[in-house]
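Questions regarding the structure given below will be posed in turn.
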Amino acid sequence: MTTPGKENFRLKSYKNKSLNPDEMRRRREEEGLQLRKQKREEQLFKRRNVATAEEETEEEVMSDGGFHEAQINNMEMAPGGVITSDMIEMIFSKSPEQQLSATQKFRKLLSKEPNPPIDEVISTPGVVARFVEFLKRKENCTLQFESAWVLTNIASGNSLQTRIVIQAGAVPIFIELLSSEFEDVQEQAVWALGNIAGDSTMCRDYVLDCNILPPLLQLFSKQNRLTMTRNAVWALSNLCRGKSPPPEFAKVSPCLNVLSWLLFVSDTDVLADACWALSYLSDGPNDKIQAVIDAGVCRRLVELLMHNDYKVVSPALRAVGNIVTGDDIQTQVILNCSALQSLLHLLSSPKESIKKEACWTISNITAGNRAQIQTVIDANIFPALISILQTAEFRTRKEAAWAITNATSGGSAEQIKYLVELGCIKPLCDLLTVMDSKIVQVALNGLENILRLGEQEAKRNGTGINPYCALIEEAYGLDKIEFLQSHENQEIYQKAFDLIEHYFGTEDEDSSIAPQVDLNQQQYIFQQCEAPMEGFQL
C-alpha cells in the first residue's frame with residue numbers, strides 16, 4: 001500500500017473493498033487539471049505600468065493635493081529606444097530637475113514600448129542603484145514616484161531582471177514607502193512589491209521576511225482610491241500564492257480578516273484577487289482550511305459562485321472546492337451555506353473549466369458521510385453528473401466519475417440503487433476503454449461497489465442472481481473488463497481479473513475480439529456484433 005500524500009490521494013489502495021474518506025477526498029493535482037494555464041489566463045502575477053494616452057501628452061500630476069505639476073517639458077525618446085549618454089549624465093547629475101527629467105525619460109522607455117528595453121537599462125552601470133537611491137528622497141515625492149515606476153516595470157520582467165531590483169536593496173525601501181504620506185508613492189510601491197512577490201516563491205518569501213504584511217494591511221484601514229485597493233489586494237494574493245513550497249502560514253494568515261471584508265467590495269478585480277488569495281490559503285492541510293473557515297468567509301464565497309463575472313466565479317469556486325477537501329465537519333460548513341444549489345447551476349455553465357471545477361468540488365462532498373451524500377441526492381445533482389459523464393470533455397468527465405464512484409464507495413444500499421436507477425452503469429463502463437489508467441481504476445472501483453451491493457441483494461432475496469451483472473453485460477462492460485485482464489497496469493489487470501472471477505465466473509476468451517485502439521479519442525474501440533441480414537442459420 002502506498003503512503004498517503006497529496007499526490008496519491010486519488011489512487012491509494014484500490015485492492016481495499018472501498019476507499020476511506022481521507023483517501024477519497026482529493027486535493028488538486030497540477031498535472032491533470034491544467035491549473036497553471038488557467039491561472040495565467042485568469043490572473044496576472046506581474047503587471048507593467050503603461051502610460052495612458054493622456055500621460056503621453058502631459059506630465060503626470062500627483063493626485064494628492066500636496067503635489068504640484070512637474071514643470072518638465074516632454075522629451076523625445078532616442079530612436080529605437082536606445083539609452084543616450086545625455087540620459088545617463090542627467091541621471092547622475094546633482095540637479096534635482098535633471099534627475100527627475102532623466103528618470104521620467106527612463107520611465108517612458110520602460111512603459112511605452114511593446115518590448116521595453118529592460119536588459120539595456122539594467123546593464124547600464126549604476127542606473128538601477130541610482131533609482132533605488134531616488135526612492136529615499138522624501139523631500140522630492142515626484143522623483144520617488146517616477147523612480148518607483150521605473151523599478152516596478154523592471155520588476156515586471158523575467159526572474160533575472162526582478163532579481164536585479166532585489167539585489168539593489170529596493171524591497172525594504174518599497175516597504176517603507178507603503179507608509180508614505182503620498183498615495184501615488186504608496187500605490188507605486190505596492191505595485192512594485194506585488195511584481196517582486198509574484199516572480200517566484202523565493203522572492204515571495206523574501207518580501208514576507210522583510211515584514212511587508214503590517215504596513216500593507218494598514219493600507220486597507222483607510223479610504224483609498226479604487227486603483228490603490230486593487231493593487232494592494234493583488235499584491236496580497238501574490239504573497240499568499242505558491243505551493244512548492246507554500247508561504248509560511250503564520251506570516252500570511254493575518255490577512256484573513258482583511259480578505260473577509262474585501263469580499264464585500266463591489267469591484268470585480270478586488271473580488272477576484274481576494275478570492276484567489278483565499279483559494280491559496282485554503283489549499284492545504286485541515287488546519288489551514290479551519291483558519292479560513294474561522295475567518296467567516298464561507299457564506300460569502302458561496303454567494304460569489306453566482307456572480308455574473310467568471311473572473312470572480314473561478315477563484316470563489318476554487319476556494320470552496322479547497323475547503324471541502326477538509327474533514328466532514330469542515331465540508332458541512334459549506335453545505336450549510338446552501339452551496340449545492342449554486343454548484344448545480346455551475347454544472348450547466350458554458351465554461352468547461354467551471355463545470356470541471358464544480359464536479360471536482362462535488363466529488364469531495366460525495367467523499368463525505370452518508371448524510372452528505374444524501375444532500376447531494378436531494379439537490380438533484382446526480383442526474384446532471386451522469387449527463388456530464390456521458391457528454392462533456394474528458395477532463396470534466398473524469399471529475400464526474402470521481403463524484404459518482406465516491407458516492408458508491410461511501411453510500412448506503414439505497415443511495416447506490418438510486419445511482420444505478422439513474423443510469424450510472426453505462427457511462428462508468430464507457431470509461432473502461434479510455435487511456436487514462438487512473439480513471440479506468442476509478443470506474444472499476446465504482447462498478448465493483450455496485451456489484452458488491454448486488455451480491456448482498458442476491459444473498460438476501462435467496463435468488464443467487466446478482467441483478468447488476470446483467471446491466472453491466474448489457475452496457476458491454478463485461479467485454480471491456482475481460483479485455484482489461486491484459487492491461488499493462490498491474491492494479492487494473494488484477495482488479496479486472498478479480499471482478500470476472502468473483503462476479504461473472506470464468507469463460508473462454510476469444511482473442512479475435514480484442515479491440516482496436518482509437519488514439520484520437522484516447523480509448524479502445526469495441527466492435528458490436530451484428531446478426532446477418534437473413535438471420536442466423538441454425
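A Cβ is built for glycine as well, from the same backbone N, Cα and C atoms used for every other residue.
Predicted, not measured: the structure shown is a model, and the values here were computed from it.
Got these off Swiss-Prot a minute ago, pasting:
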type	residues	note
REGION	1-36	region 'Disordered'
COMPBIAS	20-36	compositional bias 'Basic and acidic residues'
MOTIF	42-51	motif 'Nuclear localization signal'
MOD_RES	Ser63	phosphoserine
REGION	149-241	region 'NLS binding site (major)'
REGION	245-437	region 'Binding to RAG1'
REGION	318-406	region 'NLS binding site (minor)'
Taking every residue in the region 'Binding to RAG1' (245-437), what is their average pLDDT?
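Its mean pLDDT is 98.
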Can you tell me how the residues of the region 'NLS binding site (major)' (149-241) break down into helix, strand and coil by DSSP?
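Counts, helix then strand then coil: 70 helix, 0 strand, 23 coil.
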Quick one: DSSP breakdown of the region 'NLS binding site (minor)' (318-406) into helix, strand and coil?
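Residue counts for the region 'NLS binding site (minor)' (318-406) by secondary structure: 68 helix, 0 strand, 21 coil.
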